[in-house]
Amino acid sequence: MMPPPFMPPPGIPPPFPPMGLPPMSQRPPAIPPMPPGILPPMLPPMGAPPPLTQIPGMVPPMMPGMLMPAVPVTAATAPGADTASSAVAGTGPPRALWSEHVAPDGRIYYYNADDKQSVWEKPSVLKSKAELLLSQCPWKEYKSDTGKPYYYNNQSKESRWTRPKDLDDLEVLVKQEAAGKQQQQLPQTLQPQPPQPQPDPPPVPPGPTPVPTGLLEPEPGGSEDCDVLEATQPLEQGFLQQLEEGPSSSGQHQPQQEEEESKPEPERSGLSWSNREKAKQAFKELLRDKAVPSNASWEQAMKMVVTDPRYSALPKLSEKKQAFNAYKAQREKEEKEEARLRAKEAKQTLQHFLEQHERMTSTTRYRRAEQTFGELEVWAVVPERDRKEVYDDVLFFLAKKEKEQAKQLRRRNIQALKSILDGMSSVNFQTTWSQAQQYLMDNPSFAQDHQLQNMDKEDALICFEEHIRALEREEEEERERARLRERRQQRKNREAFQTFLDELHETGQLHSMSTWMELYPAVSTDVRFANMLGQPGSTPLDLFKFYVEELKARFHDEKKIIKDILKDRGFCVEVNTAFEDFAHVISFDKRAAALDAGNIKLTFNSLLEKAEAREREREKEEARRMRRREAAFRSMLRQAVPALELGTAWEEVRERFVCDSAFEQITLESERIRLFREFLQVLEQTECQHLHTKGRKHGRKGKKHHHKRSHSPSGSESEEEELPPPSLRPPKRRRRNPSESGSEPSSSLDSVESGGAALGGRGSPSSHLLGADHGLRKAKKPKKKTKKRRHKSNSPESETDPEEKAGKESDEKEQEQDKDRELQQAELPNRSPGFGIKKEKTGWDTSESELSEGELERRRRTLLQQLDDHQ
């Protein structure tokens, strides 16, 4: 069973372009599979025996008188053995190992009858010497995806597009060998061929060339075939002799063949052909050689070919006419193709002529072109219809060409104008278009360039605009660089002035307590201060303030350091401590080198204030202890048994109190005498007050005073109240006019009246004083808090010690009490004396219901003063 010859051999060469990579093994592309039920040509059906030519000892049947074609015989022999092949009539040809076949797509493949394999590549046993050398060459040809051939070297792994010289030399050898074979086979073309066409034999492998030496026996009764056989026997013998002589004798027979062809035709009249097809082909060649046209009649053709010996190739007239008609049909097709090619060539010639002619443009009319080129042969040879098509194509080509040329010219002009503008120093970012035009006309490069002068105005304006924008960008960049330089210089000036302030601080001229007015004379003489003047941003004064604020911000940290130094040194700041001693103690410590002088001074002031506060607190405590001692001494005098009298002398009673602790606590004798005298004065005042109280009681026994109810809004008292005694009443004063007393509200009188009644009828003056003092304290509490907060906000320290806070609070209380006393003393002379009571027939005048607490306090103090005066 034969393998399907239409299947491709394994392996397909990659169509990679040369990139330095070795390609895969080369193989032809796969053959498309055949439809089912269809076998490739020249192959038997599946299961059928192979052709007779492939069966050893079998010869295909031939017509009588036919010459058996040469059959290639190739046998695989052992190494060193010679391969011999000869075919003799009557002896069967040897079995062929390789046979050549044609695939459905026209490609040739080879089949091995022994191992039943088919390959695309020609076996080495069938190759000639040149083909073997070509197959052994390391360079192989491949094709890329685009179909372009490239070459790859299997040994050096190199790929290239150009064809190597080795391949060219080998192909020249192959062509020379093929030409030698054609010269060897040339005598065979002179002999008649068998009537049945046979496929061309495959290429002869290296070794002896097979020679056809046998003929088939003619059939009985075939006289014509016998004549042909007898005529071809001399030619066959000559051809065999030529093959036996080898390639060296082929060159000697070629001149003889040329001489035979150059002989007159009557000498070739004895030629005959082996089959009818060859004879018919010879008759057609005769008609072609005589250039018989396709529209010639049989009679015209006979006149042209009847004298040629090949006219008798077909013995029958019907066969001649049949061959003539076939020739006419074929010739007609050829003439049409020739006419089409001539017309195509004429159109191409006309198109090329019009495209290259200088008078042709894309705007030229067809009539104008016809008038210009109508007399030329290149124009007239093309038909009108084809000429217009060609003309339209030419116009399209010229329009495209002119457009491309215009683009190139525009690009060139723009580039030239840019170069000229770049080289003109007189053009800046403020130059106008009219000025630039004048500058361009004065420029020699622009004046000598005619194409540049014919440049489109819009393109020139666009080019100029781009140039101006580029100059503006450069100018803006230059300005930005200048601004950056200026800012950098200003920053350097500020840094230099900051360094100058650091120098002043290091020398001690600048500290946290420095002021600009004090430091200005030293600062204004420095050049770094002068460089700062006039520049935007922070001024020298701002930098000075910032510097001082930074020093002040370091106060608390430096204060802690100073306290640590004093603690380590065992030094304490007292009220009488001098700053020089304080600074002298601190200067011995290394930590004092980084301290600010102003902060040192502030710390000293703070510590000094604390010392003063402690001293004041100590004095206050001493005063409180003294007051307690004095109170104890007075209590001792008051509790003396028997009680002391007004006329008693201190020397008389001193011995009675010597052993008492209160007596011993008062160390000074003068203080004891003073306290004793004060006690006697109080005792005297008490006695006087007691006498006045008794007199008032006896004077009111027989009298009844009826008081009408008060008409004031606050009249919640009883209908009848006792008036104060005459000794406690204020002195009567002249009644004022309403105009004189308009500034004083009448409601105050009612409040004062109620206060006076309370003094006379409900209790002692001391109880009312205590109540007034209590109300006054309540009213003054918010003010004290406000003052405290204000005082805290003004203090240099945000955080103080508890002892310092207590001392400050006590100081503030004393200061507030002193201020109240001074205010009361200042208001006493300006106040209206007495109650200022307006009496009516019905009772006290209470026109106003409210008085301020301050007014009530002042009036209360006035009443107390008057009471003291009466006593």
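Cβ from N, Cα, C; glycine included.
Here Swiss-Prot flags 92-125 as domain 'WW 1'. On the 0 to 100 pLDDT scale, the model's mean across the domain 'WW 1' (92-125) is 75.
Sequence annotations record features per position, and here Swiss-Prot assigns N6-acetyllysine to Lys148. When other Cβ atoms within 10 Å of the Cβ of Lys148 (N6-acetyllysine) are tallied across all protein chains shown, the result is 12.
The SUMO2 cross-link feature in Swiss-Prot is assigned to Lys175 (among others). Sequence-distant contacts (6 or more apart, same chain, Cβ under 8 Å) of Lys175 (SUMO2 cross-link) do not exist in this structure.
Secondary structure of the domain 'FF 3' (410-470), assigned with DSSP and counted as helix (H, G, I), strand (E, B) and coil, comes to 47 helix, 0 strand, 14 coil. The domain 'FF 3' feature in Swiss-Prot is assigned to 410-470.
Annotation comment: Swiss-Prot describes 554-610 as domain 'FF 5'.
For Ser764 (among others), the entry in Swiss-Prot reads phosphoserine.
Sequence annotations record features per position, and here Swiss-Prot assigns phosphoserine to Ser832 (among others) based on a large-scale study or a structure entry.
Summarising the annotation, Swiss-Prot assigns SUMO2 cross-link to Lys838 (among others).
Per Swiss-Prot, the feature phosphoserine maps to Ser852 (among others).
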